[in-house]
Amino acid sequence: MTPVFRQSRPQVRSFHSTLRRDEIIKQANAETFRKAISNKDRTVIVDFYADWCQPCKVLAPVLEKVVKNPEMKTSTGTPVDLVTVNADEEADLAAEFDVRALPTVMAFREGKPVGKFAGAFPEADVRAFVERV
């Protein structure tokens, strides 16, 4: 007699090498960060933050709302993804990109920075930043 779990059909999982629009990578490490920003078909917004930072806590839901908007596109027409990086845990990464204040938000296209701002801004300003990069 074959056990029940062996009788079930094999599951097929789809795999995408790029982020989905609704996927947000939180607390990325250096490897995850580099993989995400190297995406050629998307612009990646990176939020450098710290758990103790109050402005970071204000900005985080604003960034998520803007990025999750299906109509949000950059100046080049590419869709947008969001990656968050804890600057305390990934201090080398924060130093590499000259993060001197929190929150710092950077936009990357094909692995290269194309825009940056520091501080908590209202949704309209964040949306304008994304549309500009």
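In case you wondered, yes, glycine gets a Cβ from its N, Cα and C as well.
Curation plays no part in TrEMBL annotations; they are all automatic predictions.
Look at TrEMBL and you will find Cys53, Cys56 tagged as active site, nucleophile. Residues or ranges marked as disulfide bond by TrEMBL: Cys53-Cys56. Residues or ranges marked as domain 'Thioredoxin' in TrEMBL: 1-133. Per TrEMBL, site 'Deprotonates C-terminal active site Cys' is recorded for Asp47. Per TrEMBL, site 'Contributes to redox potential value' is recorded for Gln54, Pro55.
Between the CA atoms of Cys53 (active site, nucleophile) and Asp47 (site 'Deprotonates C-terminal active site Cys') there is a gap of 12 Å, rounded to the nearest whole number. In the three-state DSSP classification, Cys53 (active site, nucleophile) falls within coil.
Neighbour counts of Cβ atoms within 10 Å were compared across the active-site residues Cys53, Cys56; the minimum falls on Cys53. Gln54 (site 'Contributes to redox potential value') sits 14 Å from Asp47 (site 'Deprotonates C-terminal active site Cys'), taking the C-alpha atoms as the reference points. Of all the recorded sites listed here (Asp47, Gln54, Pro55), it is Gln54 whose C-beta has the fewest other C-beta atoms within 10 angstroms. Residues of the domain 'Thioredoxin' (1-133) grouped by DSSP class, helix first, strand second and coil last, total 43 helix, 29 strand, 61 coil. Here the CA atom of Cys56 (active site, nucleophile) lies 9 Å from the CA atom of Asp47 (site 'Deprotonates C-terminal active site Cys').
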